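Colleague: I am attaching a structure below and will ask some questions about it afterwards.
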Amino acid sequence: MKIILLGPPGAGKGTQAKLISSEFSIPHISTGDIFRANISGKTELGMKAKGYMDKGLLVPDELTIDIVKDRISKDDCKSGFLLDGFPRTVNQAEALDKFLVGRKEKIDCALLIDVPREKIFNRMTGRRVCSKCGASYHIEYNPTKVEGICDLCGSPVVQRKDDSEDTVKERLDVYDRQTEPLVVYYRNEAVLKSVDGTQDIDKVFEDIRNVLGEI
């Protein structure tokens, strides 16, 4: 089974990806992971990507596509794969489909973990971490016993820069701009499925398993 995983930052994609990978015995392929693997392995594709990244430039679509194509051509992807973080654009989606058609293959499901923007905003901006031991908290779902103080070591808890309101808003704006056209694309391809990501982890996965079991 060949699956594309879609969803906003903070929707729990990483957690569900691990569960899907284990349940269906397919590799979870994160774009970030394969970029890092190519760069650390000093592959030709990795060195090209590093050249752009070192200059603070976005890696071009063509190179990103080549890196993904190389990864899904490996033996462990013969029975399928789960792509997380790719495609990000319709151009990438079309290139992936063209590559798969050439191999007489296709995407079986574009799975959207759907969480309303307001819910994601609250999830992310409410996160806190201990400034010393790194313990994780949330002001609403998992607060410290004493406000602002780590339960484990007594150090102050802080909000990471990535979780500030401005940063989260920008990340969600970027996601909306990039992903809405992808959702339309995969809906038109009749492979889009959606699950309610506001539920607890086990219930979300139960819904995912039911959706994928029907394919």
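Backbone N, Cα and C atoms are what each Cβ position is placed from, and that goes for glycine too.
What Swiss-Prot lists as ATP binding site is Gly10, Ala11, Gly12, Lys13, Gly14, Thr15, Arg127, Ser136, Tyr137, Gln199, and the listing cites sequence analysis. Annotation source Swiss-Prot lists region 'NMP' at 30-59, citing sequence analysis. Residues or ranges marked as AMP binding site in Swiss-Prot (evidence: sequence analysis): Thr31, Arg36, Leu57, Leu58, Val59, Gly85, Phe86, Pro87, Arg88, Gln92, Arg160, Arg171. Positions annotated as region 'LID' by Swiss-Prot, on the basis of sequence analysis: 126-163. Residues or ranges marked as Zn(2+) binding site by Swiss-Prot: Cys130, Cys133, Cys150, Cys153.
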Colleague: Residue list, the region 'LID' (126-163) vs rest of chain: Cβ under 8 Å, 6 or more residues beyond ends.
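Modeller: Sequence-remote neighbours of the region 'LID' (126-163) do not exist; the answer is none.
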Colleague: Quick one: largest C-alpha distance among Gly10, Ala11, Gly12, Lys13, Gly14, Thr15, Arg127, Ser136, Tyr137, Gln199, binding ATP per the record, in angstrom?
Modeller: 20
Colleague: Want to know which binding-site residues, from Phe86, Arg88, Cys150, Cys153, Arg160, are within 10 Å of Arg127 (ATP binding site) at Cα; which are they?
Modeller: Arg160
Colleague: Roughly how wide, in whole Å, is the group Thr31, Arg36, Leu57, Leu58, Val59, Gly85, Phe86, Pro87, Arg88, Gln92, Arg160, Arg171 that binds AMP, by largest Cα to Cα distance?
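Modeller: Among the residues the record ties to AMP, max Cα distance equals 31 Å.
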Colleague: Should Arg127 (ATP binding site) be counted as helix, strand, or coil on the basis of DSSP?
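Modeller: It is in a strand.
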Colleague: Which has the fewest other CB atoms in a 10 Å radius around its CB: Phe86, Tyr137, the listed binding-site residues?
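Modeller: Sparsest of the binding-site residues Phe86, Tyr137 by Cβ contacts within 10 Å: Tyr137.
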Colleague: Summarise the region 'NMP' (30-59) as counts of helix, strand and coil residues per DSSP.
Modeller: 21 helix, 1 strand, 8 coil
Colleague: How far is it from Gly10 (ATP binding site) to Phe86 (AMP binding site), counting Cα to Cα, in Å?
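Modeller: Distance between the two Cα atoms comes out at 17 Å.
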Colleague: Any idea what the model's mean pLDDT is for the region 'LID' (126-163)?
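Modeller: Computed over the region 'LID' (126-163), the mean pLDDT is 96 on the 0 to 100 scale.
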Colleague: Mind telling me which of the binding-site residues Arg88, Arg127, Arg160 has the densest Cβ neighbourhood, counting other Cβ atoms within 10 Å?
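Modeller: Within the set of binding-site residues, the most crowded position is Arg127.
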Colleague: Determine which residues of this chain, when Cys130, Cys133, Cys150, Cys153 are set aside, have a Cβ within 8 Å of the centroid of the Zn(2+) site's Cβ atoms, and list them as they appear in the sequence.
Modeller: Ser131, Lys132, Gly134, Ala135, Asp151, Leu152, Gly154, Ser155, Val157
